Amino acid sequence: MHSKLRVVYVLLILFILFIRHATTTYCEKVRSKTAPRDVCKKSNGNALCKKTCWTIEKYVNGKCLILPKTTNLDCYCYHYDNGSACRA
């Protein structure tokens with residue numbers, strides 16, 4: 001009986017951890033509203049994009065990306081929906 005309770009307890013903890021992890025892993029990527037449209041064509045485009053996202057738009061990070069359903073390299077600001085940094 002005790003072993004079944006332990007298994008249920010462990011599964012419950014794993015489920016709670018999974019739900020908690022799943023709710024904090026959405027990485028929001030939005031096109032920069034203030035970066036010049038040709039910023040990603042420059043040799044230091046990623047640095048300029050990141051600086052714009054951090055200082056002006058208050059996102060954690062920024063990078064020149066080609067996202068799915070788009071064809072142009074553009075500056076995107078991004079962070080997790082809880083405010084922490086995420087990878088592009």
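Backbone N, Cα and C define each Cβ position, glycine as well.
The disulfide bond recorded by Swiss-Prot for Cys53 joins it to Cys77 [selected from Cys27, Cys77, Cys86]. Checking the candidates Cys27, Cys75 against Swiss-Prot, the cysteine paired with Cys49 through a disulfide bond is Cys75.
Looking at the candidates Cys64, Cys86, Swiss-Prot gives Cys64 as the cysteine bonded to Cys40 by a disulfide.
Summarising the environment of Cys40 (disulfide bond), the number of other Cβ atoms within 10 Å of its Cβ, over all protein chains shown, is 21. Other Cβ atoms within 10 Å of the Cβ of Cys64 (disulfide bond), summed over all protein chains shown, number 22. Here the disulfide-bonded residues are Cys27, Cys49, Cys53; the one with the fewest Cβ atoms within 10 Å of its Cβ is Cys27.
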